[in-house]
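The next block holds one structure in the form of C-alpha cells; read it before the comments.
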Amino acid sequence: MNPYVLAILLSSLGLGTTLTFASSHWLLAWMGLEINTLAIIPLMAQHHHPRAVEATTKYFLTQATAAAMIMFASTTNAWITGEWDMNNMSNPIASAMIITALALKIGLAPMHFWMPEVLQGLDLLTGLILSTWQKLAPFALIIQTAQAVDPMLLTALGITSTLVGGWGGLNQTQLRKILAYSSIAHMGWMIIILQYAPQLTLLALGTYIFMTSAAFLTLKTSSATKINTLTMIWSKNPTLATTTALVLLSLGGLPPLTGFMPKWLILQELAKQNLPITATIMALAALLSLYFYLRLCYAMTLTISPNTTNSITPWRTQTTQSSLPLTLSTTIALGLLPMTPAILMLTT
C-alpha cells in the first residue's frame, strides 16, 4: 500500500476514535465511529484475497447495522427528551438499543458471530488493529451510557460473552479464531464489572490490549496462523517460544502474570457487591479459556515438531520487522502484577 494512503488511513483511525472520546453529543460520537469504520475498511481489503474481501464485507455490514441502530436510538431519545446529550439517556428502550448496538460493534455475545469469521480473513497486523484499537471508541460510549442501562442486561451480556468465548475457542485450530474467541471472553469480563466499578473495566481493557498485542506481534514475527505451525517455533527461536507461552498464560489469567490482576480485582469487586454466584460463574468460565491457551502452550513448548509437516516450512532468514513493539508489549503483558497496589491507589 502507498505510504501516503496508509498515513491518511491510520490518521483517520486516530481521528475517529479521538472524536468519539471527546464528544458528549450523539451525532458527533456517531460520526467518530463512522470515520473509524471507513478508515479500517481499505486496510482490511488491501490484500485483494477473496477471504479478505469477504471479511471486509461482513465487517462493513455489521458495523453499518450497529451505526444505524445507534443513530435510531439516539434520535428516539432526542425526540422524547429534547436533547442529544449522552448523559441524559432517560428512555429505557433507547438506552437498551444503544448498548445492544455497541455490543454488536465490539463483538459481545450473542452479537459475536461476525468476529471470528472477520478476524480469520485478515492478516495479523490488521487483526491486531481490529482486536485492540477498534474496541476503544465503542467502549468509551459504553462506559458513558452504562449507568442508564438495566443492570440485568449488562450482567447477561457479560456472562454470555465469557461462556461463549470459552466454549467457542475449544475446538479451533486457527490461531486468529482462537484470539477472536479470547477477545469475546475478555469483553465479557469488562462488561460484567462496568456497573459496579468502571475503573476496573478500563484496567481490564488496558491489560487486554497489551496482552493481545503481544500475542499478535509474536504470531506475526513467527508467521504462524495455525496450531501446527506453532510446533516449529521452538526449534527456530526458543526465547520467543518461552515468552509466547507466558503471554498466553497471562491471557488466561494465571498468577504471577499481568493477566491475573484484572480478573482478581473483578472477582473481588463482585464478591464485595454480594454477587457470589456471578463471581463463581465468571471464574469457571475463565477455566474454559485457560484450556485452549494451555493447548497452544502444549503445542508450542512440549511437542517436538515432526520431520514431515503439513504446512510450508518457512525459511530461516533474519526478520526485517521491528522487535521493539513486541518487546514492550510482552514485558507489560508479563510483569505488571507487582504494580497492583499502585494501580489500585490510582483507580480508587
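Heads up, residue numbers simply count up from 1 along the chain you see.
Keep in mind that glycine also has a Cβ here, set from the backbone N, Cα and C atoms.
Sequence annotations record features per position, and here TrEMBL assigns domain 'NADH:quinone oxidoreductase/Mrp antiporter transmembrane' to 23-288.
Long-range contacts of the transmembrane segment (57-80) within the same chain: residues 26-27, 29-30, 33-34, 37, 40-41, 44, 88-91, 93-95, 97-98, 100-102, 104-105, 114, 117-118, 121, 130, each at least 6 residues beyond the stretch ends and with a Cβ under 8 Å from a Cβ of the stretch. Taken from TrEMBL, the feature transmembrane segment covers 57-80 (among others).
Annotated transmembrane segment per TrEMBL: 92-113 (among others), in sequence order.
Among the features that TrEMBL reports, transmembrane segment is placed at 152-171 (among others).
The transmembrane segment annotation in TrEMBL covers 178-196 (among others).
The transmembrane segment annotation in TrEMBL covers 202-219 (among others).
Per TrEMBL, transmembrane segment is recorded for 240-257 (among others).
The transmembrane segment annotation in TrEMBL covers 277-294 (among others).
What TrEMBL records for 290-344 is domain 'NADH dehydrogenase subunit 2 C-terminal'.
What TrEMBL records for 326-346 (among others) is transmembrane segment. For the transmembrane segment (326-346), same-chain residues at least 6 beyond its ends with a Cβ under 8 Å from one of its own Cβ atoms are 203, 207, 210-211, 213-214, 217-218, 221, 243, 246-247, 250-251, 255-261, 264-265.
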For this session: Residue list, the transmembrane segment (178-196) vs rest of chain: Cβ under 8 Å, 6 or more residues beyond ends.
Result: 103, 106-109, 112, 115-116, 118-120, 127, 131, 135, 139, 142-143, 146-147, 149, 151, 154-155, 157-166, 168-169, 172, 204-205, 208, 212, 215-216, 251, 262-263, 266, 269-270, 273, 278, 282, 285-286, 288-289, 292-293, 296
